[in-house]
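The block underneath contains the structure these notes are about, expressed in structure tokens.
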Amino acid sequence: MDKKDLFDQITEVTRNTEDLLNKLHETQSAMVEIMEENAELQIENQHLRERLKQATAAENEGTKNTKYGLSKSLQNLEKLYASGYHVCNEFYGKHRQDEEECAFCLTVIYGDR
């Protein structure tokens, strides 16, 4: 092998090494971008989970069912009904005679929920 062939091989290896190094830098840059995006998405995901948790907690507070699975508003209607007044659309506010039962009122209080 003469000196020129040896020099050409070294030059080719050097060029290949530089190409490989450039590809490595490109890959590293792409990896950094992906890792940054991943970190941002994880933070955003965490914030969204916290907001969802707060929204769910607020919703549960607002519709918290108590006695017999009735909400506060239905409990108020139940108290009015127990006091002897109609809470149905037909006779709302009228006094119930002789504590009679009203199917309409009972449907409003205990019906489909």
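Cβ coordinates come from backbone N, Cα and C, glycine included.
What Swiss-Prot records for this protein:
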BINDING   HIS86, CYS88, CYS102, CYS105  Zn(2+) binding site
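A simple way to gauge crowding: the CB of HIS86 (Zn(2+) binding site) has 19 other CB atoms within 10 angstroms, across all the protein chains here. Excluding HIS86, CYS88, CYS102, CYS105 themselves, the residues of that chain whose CB lies within 8 A of the CB mean position for the Zn(2+) site are, in sequence, TYR81, VAL87, GLU90, PHE91, TYR92, ARG96, ALA103, PHE104, LEU106, VAL108.
Of all the binding-site residues listed (CYS88, CYS102, CYS105), CYS105 sits in the most crowded Cβ setting, with the most other Cβ atoms within 10 Å.
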